[in-house]
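Student: Okay, handing you the structure first.
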Amino acid sequence: MQMRTGHPRTSVRKAGGRSDTKAADHTEAEDGPGLAALGTHAPPPRFALAVVFTVMAGFFAMQIVDILDQGITPVRLALCVTVLPLTIVLQIVQTLPRYQRFRDRYGRWILLGQVVLVVVPCLLLGWAWGGMGGFVGASALLVLPLHQAVPAFGLIVLLIGVSTGVNSGFATVAVPYMTVSTLLTGIIVYSLIRLATLAIAVHEAREDFARIAITKERLRFARDLHDLLGYSLSAITLKGELAHQLVGPEPERAREELQSIVATARQALADVREVARSYRSLSLLNELSSARSVLSAAGVEAHVKVDYDRLACEADTALATVVREGVTNVVRHSRATRCRIEVTQGNGVVRLRMDNDGVRPRPEGCSGAPGGCGLDSLAARMAAVGGRFTAGPTPDGGFRLVAETAPTG
């Protein structure tokens, strides 16, 4: 069975008696990811912010060169030493996520200050200072609601064009050049900042995805218990009250009701055991399908390849548990951007291998290899079914889990 995130074609090979179709191909398709995979390559937050500030630093450096290229004068030096650093500080406040609350209260006033710090020097220096207008335009798009941001952005572009024209006498190509430059710079800077913000939001949402999945599982468990035991417990209560009333006047009927209570209680106990058994008996195929969805939702590129014939119930549950724990570690305890899961059969064993490209230092108090505190329990679980389990970092900076077991008990 081939499962690859975002790929529309899935072939299934018979596994554990759950599917009767044969795999048409045992190699992953290499024609590229589908639409669902487009969101799985979000950069880490620090890298995304580094890109934004690298671009901004490049623009500011070019601005200094343009100003000094016109000749070094006291006014130009003063602008480079005072106004330009202040403009940079205000732009950082308008950009970094940590200042969001401050922006919510004072963002409009900061934007007004940015406009003044850009337009007034532009009247003195012309096109050499006009490049700062794009950053102010980006701030307008970030701070203001959409119905206000677009007109404000257009007004800023117009002000830069007019102030450049006033300085040059509207006799050069500086006016159309700075108008287009401000427009493009504003859109580019705004887009970079928004992409960085989205990358941060995706990484912060990883633990939320895990908590939501746990909550849904608990709700399902509670619903199953209610459906199975609600009627039985109500019947036991009613019959118990009736038997209590019949003990004196009708002892034979009371005895019958007590026997009925015992039978109902035994059935309720059997139902509880069935629910517990269903939660203990996991399906490797189901866990692999769930793993693909969870990894994709967490921004991790998932590649899943499965090729085996049949597994005993105990081995199926053990390998499914390894997949579940491994995916949890990837989502919650690593910086992984890619994860590859392979299940293959050969030489009398079924082998599960999970590789990811992100490793964090081992938390204090955790035993086993880096990547989580449940690895020892996984080793014990695999040993209980006659299998083997290993886990540890790889030379290329990744992390690998390997579990092997006989396909039948």
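Don't overthink the numbers, they just go from 1 along the chain as shown.
Even glycines carry a Cβ here, placed using N, Cα and C.
What you are looking at is a predicted structure, and each value in this text was computed from that prediction instead of being measured.
Found this in TrEMBL, in case it helps:
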COMPBIAS  1-16  compositional bias 'Basic residues'
REGION    1-36  region 'Disordered'
COMPBIAS  17-29  compositional bias 'Basic and acidic residues'
TRANSMEM  47-68  transmembrane segment
TRANSMEM  74-97  transmembrane segment
TRANSMEM  109-129  transmembrane segment
TRANSMEM  135-162  transmembrane segment
TRANSMEM  174-193  transmembrane segment
Student: The transmembrane segment (174-193): which same-chain residues, six or more beyond its ends, come within Cβ distance under 8 Å?
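Tutor: Residues packing against the transmembrane segment (174-193) from afar: 51-52, 55-56, 59, 95, 126-127, 130-131, 133-138, 140-142, 153, 156-158, 160-161, 164-165, 167-168.
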Student: Could you pull out which residues elsewhere in the chain have a CB under 8 Å from any CB of the transmembrane segment (109-129), counting only those six or more residues past its ends?
Tutor: 63, 66-67, 69-70, 75-76, 79, 83, 86-87, 90-91, 93-94, 103, 135-136, 139-140, 143-144, 152, 156, 159-160, 163-164, 166-168, 174, 177-178
Student: So which residues does the transmembrane segment (74-97) touch in its own chain, when a touch means Cβ under 8 Å and the partner is 6 or more beyond its ends?
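Tutor: Residues 49, 52-53, 56, 60, 63-64, 67-68, 103, 107, 110-111, 113-114, 117-118, 121, 124-125, 129, 132, 135, 138-139, 142-143, 193, 197, 200.
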